[in-house]
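Peer 1: The transmembrane segment annotation in TrEMBL covers 16-35, 55-74, 86-109, 163-180, 192-210, 241-260, 281-306, 326-347, 384-407, 413-435, 442-464, 516-537 (among others).
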Amino acid sequence: MEDKSHTVGTFQVGDYAVFAALFVVSSGIGVFFAIKERKKASSKEFLVGGRQMSCGPVALSLTASFMSAVTVIGAPSDVYRYGASYVIFGVAYTFVVFLTAELFLPVFYRSGITSTYEYLELRFCKLVRVAATLIYIIQTILYTGVVVYAPALALNQVTGFDLWGSIFATGIVCTFYCTLGGLKAVVWTDAFQMVVMVVGFLTVLIQGASRAGGIESVWSTAHTGGRMDVFDFDVNPLRRHTFWTLSVGGTFTWLGIYGVNQSTIQRCISCKTEGHARWALYLNLLGLWIILFCAVVSGLIMYTFYSRCDPWSAGSVSAPDQLMPYFVMEILGAFPGLPGLFVACAFSGTLSTVAASINALATVTYEDFVSQCYRDLSNRAANWISKALCVVFGVACTTMAVAASYMGGIVQAALSIHGMCGGPMLGLFSLGILFPVTNLKGAVGGLIVGITLSFWVGVGAFIYPAPSNNTRPLELSTAGCNFNLTADGSNQTSVSVSALTSDRYWLADSWYSMSYLYYSAVGFIGTVAAGLLITLLTGPMDPKKVKPGLTRSVKDVICFCSEKFMHADFSEDKEDLGDFGMAWEKHTDTEGVIKMEEKVKSDNDNLHENGYTNAAFDHNETSQVKQSFNFLTK
C-alpha cells in the first residue's frame, strides 16, 4: 500500500477552464433555443415545449436532475462509511419508475393539465390545489438552495474552489438559459450535463481503480472491510439501511419526489405522446442504474484506497461529504483539467436540479395563480410573465443558497424537508387517484395529519440523532497514517456517543430513531389512513360523481391484466384516451364548454390557442378531443 501523506493540490487554471466550459455550453444551449423558438411566443411552448419533446432527451433530463450533486458527492461517501447496500436503491428506483409510468402519468397526461396540482382542483377543490402548490413552492426553494450550497461548500473546503463564485455562477447560468429557452433548453442542457456526469464518473473509476491496485484488489479489500455485505433482511425500522428500508422506504421516499412532483411530470407531459412519455421514464431507469452503479463502485474504490488511513478520522477532512472531492484531488491532481472535469460532473447534477426546479416553480406559479387571476392574457403576455417568473425564482433559489451558509446544522434538516413533504403529497394524490370515495374533508384532514406525523418524526430525529447501534457505520482505520489522530490515541467518538446516550428522551430511541427512509412512508400512511377514516365518518363520496379520468384502479396499473390496455394504441399519431374525460372540463364557465363542444361537433380542426391555452391542446389534437367527446355522449 502506498504511503499516504494526505497532501492534495488545489484547482489550477486548466481545472477552471474545464469547469467554465460546462457553464458556457449550458448557456449556449439556452441562447440557441431562444433564437430557434423566437417566433413561437406562447406560454405552452415555453413551459411544456409545445408537447413535442422526444423520449430520448427527456429520459436523459430526468436522470440528470434526479441525480443532484448531493448524490454525486454524497453517495460514494455513504458507501465508504456504510457499505455497498446502497445499491439496493436500484430496487426502489424500479418500483418508482413503474408506478410513475403506469399509475400517475396516464392521469396527468390524458387530463391535459400543465400543473400537477391542477388535478387536485379537478378532484377536490381549489383550496386543496392552492395549499399543495404553496407547500411545493416553499419546499422546492428551500431544497434547491441547499442543493447549490452543500456541494459548493464541500468542494471549496477541499479543493479551494471559490465558494461564492460557484454559487452565483450556478444561479445566474441556470436562470439565464431557463429564461431564454424555456423547457426545451432545460431538457437539452440536462441531456448534455448527463453525459458530463457519466464521463466524470468514468474518469474517477478508471484512475481510482488503477491507483487502488485493480478491480480484484478493490473487491478483496471491500469484502474484508465488510463493505460487500449488501443484503441485510432485518425488519427493524430503526436500522438506517437494510434491504427493507432501502427498497420499501426508498420507494416511498423517491416516489413522493418523483411520481407526483411537478418537475418530473412536467417533462413527461412535454413528450409527443403518452407512449413517448412512458419510454422516457423507462429509459431514465436505465440511466439511474448506471449512475447508481458508478457511485457505489466509486465508494468501494475510495474505501480500498484509504483502507489503512481514513482521511476523515485522521482529520484531513472535516466532514464525510468532503471525502469524494478529497479523493478526486489526490488521484487526479497530477492531471491538469481532470479535477475540473469531476467538479463539472458534480455541478452538472446541481445545474440540472436547479434548472428543473426554476422551470417547475415558474410553471406552477403561472398555471395555479397568474392564469387563474388573469384569464384573458395574450400569448405574448403569458410568455413574458413566464420568463419573468423564471428570473424571480432563479433569484430566490440563489438567495436561499446564500442563506444556507448561515444556517449551520439546519442544512441537514432543510434537506430532509423535501422527503417529509413528499410522503403526505404522495398520499394526497393517491387518495384522489386510487380511492374514488375520498371526499374533500378526507383529503384536507389526511394531508394535515400526514404532514404533522412526517415533520414530527423528521424534526425529532434532527434534535435527537439516532445512536450508532442503529446507523451502524463500519470500521475505519488510521493504522497506516503518518500521524496520530489524538495525542493520547483515545477513541473520542465512543466517549461522545456514550455521553449522548446517557440521558435521552424515551422517544429518541424509538420513534425518532426510525430510518430516515421511512419518513415519507409515515407521511403517506398517515395521510391515506386519516383521509379514508375522515371520509368514512363524514360520508363517502359517490364514485359515479367523480369526473371520468381522475381515478385509476389497480387493474389499470397492472397493464397485462387490463383488457383496455391490451387493445390500446399508443402510437405517435393516436392516443387511447379511453374514459379519461375531456381536458376542457377544467373550465368552470358553462359558456366556454358549450363553445368548445360546438367546435368539436362541427369538426373544426383549427382549435384557437388563444381561447384554450389552459387546455394544453395542439392544433393536431382535435381528433383526440372528438374521441373523448363521443365517448361521453354515447
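Residue numbers in this text run from 1 along the chain shown.
Heads up, the Cβ atoms here are built off N, Cα and C, so glycines get one too.
Quantities reported herein were computed from a predicted structural model and do not represent experimental measurements.
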Peer 1: Using a Cβ distance cut-off of under 8 Å, indicate which of 16-35, 86-109, 163-180, 241-260, 281-306 has the most pairs with the transmembrane segment (384-407).
Peer 2: 163-180
Peer 1: State the residues, same chain only, that lie 6 or more residues beyond the ends of the transmembrane segment (86-109) and have a CB under 8 A from a CB inside it; answer 'none' if no residue qualifies.
Peer 2: 75, 78-79, 116, 119, 230-231, 241, 243, 246-251, 253-255, 258-260, 264-265, 268-269, 274, 277-278, 281-282, 284-285, 288-289, 292-293, 295-296, 299, 429, 433-434, 549-550, 552, 556-559, 580
Peer 1: If we skip the immediate neighbours and take only residues 6+ beyond the ends of the transmembrane segment (241-260), which ones have a Cβ under 8 Å from one of its Cβ atoms?
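Peer 2: Contacts with the transmembrane segment (241-260): 66, 82-83, 85-86, 88-89, 91-93, 95-97, 99-100, 103-104, 116, 231-235, 418-419, 421-423, 425-426, 429, 515, 517-521, 523-524.
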Peer 1: In the same chain, who gets a Cβ under 8 Å from the transmembrane segment (281-306) while lying at least 6 residues past its ends?
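Peer 2: For the transmembrane segment (281-306), the nonlocal Cβ contacts are 4, 55-56, 58-60, 62-63, 66-67, 71-72, 75-80, 84, 86-87, 89-90, 93-94, 97, 100-101, 105, 194, 197-198, 201-202, 204-205, 208-209, 211-213, 217-219, 221-222, 225, 227, 268, 323-324, 327, 330-331.
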